[in-house]
Amino acid sequence: MQIKLANPRGFCAGVDRAIEIVNRALEVFGPPIYVRHEVVHNKFVVEDLRNRGAIFVEELDQVPDDVIVIFSAHGVSQAVRQEAAGRGLKVFDATCPLVTKVHIEVAKYSRDGRECILIGHEGHPEVEGTMGQYDASNGGAIYLVEDEEDVANLQVRDPDHLAFVTQTTLSMDDTSRVIDALRARFPNIGGPRKDDICYATQNRQDAVKQLAGESDVVLVVGSPNSSNSNRLRELAERMGTPAYLIDGAEDLQRGWFDQAARIGITAGASAPEVLVRGVIEQLKAWGATGAEELDGREENITFSMPKELRVRSLI
């Protein structure tokens, strides 16, 4: 069995920044540090931070007074921000800047009273945060659609004064079809010059298409609640290659590889490389050879840290 590695894979700039914010807050202020929602959707990362003193909660009413709170990379609604401010909580915002970009777009449509359509998955924390940027008191409304059927059934007030945005971690192919359906139904709809799916999601989906074409089985390292990791598995399967989403080497089943000569490995944007290395070592123990890195798009994007953590971490 030969191992092939997708390129790029694993951590993106937004995930790197979010994890580093929690780590630096722990270093500078000491535990406990409260984090609203899992800072990124990866079991290994969350457990590591929990062991260092991070406490993960789903709502601010689980947070005591006079503590530090970090908002996860997925972003939060304006109501959550207002609740934190009203309680005087010290907040560090680990929202991915590319998610913040979508928040700014939605807030602008809200101020203009322009109806907005969000393409995304119901219940995902990024979607909840983005929907929560819209203030309907200005006369508009925000709607959530997941697929073409939702578009066909959507009723809006003013079809000539619409705009759309997208969740950042969607399937590019699926989203393109939904956007086409929106434009067909609402010819005057506005939106970003390109969809809001982030560079890392696009790059990893392009890479897994290449990987699936050169593999008999594809392994996607990522947690089950990771949207972008699930999209990678689905994409490999659509390419006709069996694919499995795994948290790490402990999830591997030897029977998956009985008929496989080429095993492809990729990782979602919230999965650390150490987990990929663990998978490679287990496969090698079962007789796999090599670990060929496929050609791919180089990523050199970084996002800045909050000023207080940048300065105090140098003391």
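Glycine residues also receive a Cβ, built from the backbone N, Cα and C atoms like all the rest.
Source: prediction; values computed, not measured.
Feature annotations, reproduced from Swiss-Prot:
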ACT_SITE  GLU126  active site, proton donor
BINDING   CYS12, CYS96, CYS198  [4Fe-4S] cluster binding site
BINDING   HIS41, HIS74, HIS124, SER226, SER227, ASN228, SER270  dimethylallyl diphosphate binding site
BINDING   HIS41, HIS74, HIS124, THR168, SER226, SER227, ASN228, SER270  (2E)-4-hydroxy-3-methylbut-2-enyl diphosphate binding site
BINDING   HIS41, HIS74, HIS124, SER226, SER227, ASN228, SER270  isopentenyl diphosphate binding site
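Counting every protein chain shown, the Cβ of ASN228 (dimethylallyl diphosphate binding site) has 27 other Cβ atoms within 10 Å. Closest to SER270 (dimethylallyl diphosphate binding site) in space, going by CA atoms and restricting to the recorded positions CYS12, CYS96, GLU126, THR168, CYS198, is CYS12. Residues within less than 8 Å, Cβ to Cβ, of HIS41 (dimethylallyl diphosphate binding site) and separated from it by at least 6 positions along the same chain comprise GLY222, SER223, ASN225, SER226, SER227, SER229, SER270. Compared over the binding-site residues THR168, SER226, SER227, SER270, the count of CB atoms lying within 10 A of a residue's CB peaks at SER270. A separation of roughly 10 Å, to the nearest angstrom, links the Cα atoms of CYS96 ([4Fe-4S] cluster binding site) and GLU126 (active site, proton donor).
Comparing CYS198 ([4Fe-4S] cluster binding site) with GLU126 (active site, proton donor), their Cα atoms are 13 Å apart once rounded.
In this structure the C-alpha atoms belonging to GLU126 (active site, proton donor) and HIS74 (dimethylallyl diphosphate binding site) are separated by 5 Å. Look at HIS74 (dimethylallyl diphosphate binding site): DSSP puts it in coil. Ranking the binding-site residues HIS74, HIS124 by how many other Cβ atoms lie within 10 angstroms of each Cβ puts HIS124 at the bottom.
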